[in-house]
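Undergrad: Pasting the relevant annotations from Swiss-Prot:
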BINDING   TYR229, ARG249, HIS283, TYR285, LYS319  heme binding site
COMPBIAS  8-25  compositional bias 'Low complexity'
COMPBIAS  26-35  compositional bias 'Basic and acidic residues'
COMPBIAS  36-49  compositional bias 'Polar residues'
COMPBIAS  61-81  compositional bias 'Low complexity'
COMPBIAS  105-118  compositional bias 'Basic and acidic residues'
COMPBIAS  399-410  compositional bias 'Low complexity'
COMPBIAS  416-429  compositional bias 'Basic and acidic residues'
COMPBIAS  430-439  compositional bias 'Low complexity'
COMPBIAS  449-460  compositional bias 'Polar residues'
DOMAIN    198-378  domain 'CRAL-TRIO'
REGION    1-118  region 'Disordered'
REGION    386-460  region 'Disordered'
Amino acid sequence: MSETEKPVQAAAAAAVAAAGTADVPAVEKDPETTQDKQQSATDNSTTKAPQDEKNKQTENPSTDAPPAAATAPTADPITSAQPPDVDAIEAQKDGQKKNGPGSENKPDETPVDTRPEYLSKNPALSEFFEKLASILKKADHNEMWGVTLKDSDDVPTVNVLIKFLRANEGNVKLAEEQLRKALEWRKKMNPLALAEKATYSSSKFQGLGYVANYKDQNQGKVVFTWNIYGSVKDANRTFGDVDEFIKWRVALMEMAVKDLKLSEATSVIDYSGEDPYQMIQVHDYQNVSFLRLNPTIKSATKQTIDVFSTAYPELLKEKFFVNVPALMGWVFTALKVFLSKNTIRKFHPITNGVNLAREFSFADELPKSYGGKADELAESARTVALRQDTPEPPPESAPPAQASPPTTETNGSAKEVAKTAAEDAKKAEAPVAADAPATISEPEKPAASSANETPSEVAK
């Protein structure tokens, strides 16, 4: 090797060593070829270094990779720079509400029922109230049992309608018809006035009916009506005028209804539960023996039942028939025709009235004749206003022309009118007529005045 080639070869070896290429063969080459290879090796080393650096970054991302946040803003620089489209956003929200996931299966929201529970849970009662205004207009009357009928927010009104609806087993049409008839009847009869202002014949109705209140530890005040039919002295006189009897009976009933205080109610009756606004009735048939045969009493009884079943529904809690004789079977038969099965179940016949007190926890408060310890009804109970009947005038004496001549008559003209022509012939033979004036202390009266004399006055 010449001296000239040595420096060139040494420089090439140094360049290869600096580039880290240990695989370059140490072979003598032509100077030009060697120089080209050196240049190529240098270029390869320069290219490979960045690739190795990239591989290192891939192998150690947590150490050498730049933070992700640094490259994120370059994703969509144009979109982030634009202002938001408000209309588009609102349209997109509306579309999501209508077409969002699960929108087809989502049930529609029902409006909240703000009505009272007694209406929301009782569609029949709610329907009944919808018809109330029309009923009141047709009847032209709005008072029932002392309650002025208003609307579904008025508790006393609600209780009245519940009673009519229950009496008709939830049938709104029947309840509507009955309420209308009852209102029309009250307008015609004015039962409040019958109870508060009218008076009734004592000779017909004294001792026949009473109203009394007793205290029950659980229920509070219990209202009783008593009908004592054994006190009737003259059946034809008491029951003969059916209208008068019904008015008396209605007056007694209105007294009891007033004691129930329906107009002061503050809580609604439980439609399917107990009703605190009801009374107990007692009918006493002690010594009654006329009800089977007397058609007048049968007529009065049937008409009374008809009126009460229409005008006073659901006011009866229980009804006791005490001292009932066997012949009273027709009464219960009649009741079954006019009243519902629910009402019939409230009836209790008792043969011996003394056993009545056993039916109640307040037995001692009942009169002694019914098994209690209290005074009899005449002293312990109330009744309707009675009036003393004006004594009827005694029958007038018959006119002298039609009557037999009195034995003490001294009026000759009266004798002449009364006697026949044959008796006139014997008139002169009768000395008594001449002596008669001495027996009379009163002055003679004209014959015409004798028609106004009573039998006792004539005898004087």
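For all residues, glycine too, the Cβ spot is worked out from N, Cα and C.
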Undergrad: May I ask you to report the DSSP-based helix, strand or coil state of TYR229 (heme binding site)?
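TA: SS state of TYR229 (heme binding site) = helix.
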Undergrad: Averaged over the domain 'CRAL-TRIO' (198-378), what pLDDT does the predicted model reach?
TA: 91
Undergrad: What other residues of the same chain, not counting TYR229, ARG249, HIS283, TYR285, LYS319, have a CB atom within 8 A of the CB centroid of the heme site?
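TA: So the additional residues around the site are ASN227, GLN281, VAL282, ASP284, PHE321.
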Undergrad: Going by DSSP, is TYR285 (heme binding site) part of a helix, a strand, or coil?
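TA: Note: TYR285 (heme binding site) is coil by DSSP, not helix or strand.
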Undergrad: With Cβ-Cβ distance below 8 Å and at least 6 positions apart along the chain, what are the contacts of LYS319 (heme binding site)? List them in sequence order.
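TA: Residues satisfying the criterion: ILE280, GLN281, VAL282, HIS283, LYS346, PHE347, HIS348.
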Undergrad: So for TYR229 (heme binding site), how many other CB atoms are inside 10 Å of its CB?
TA: 21
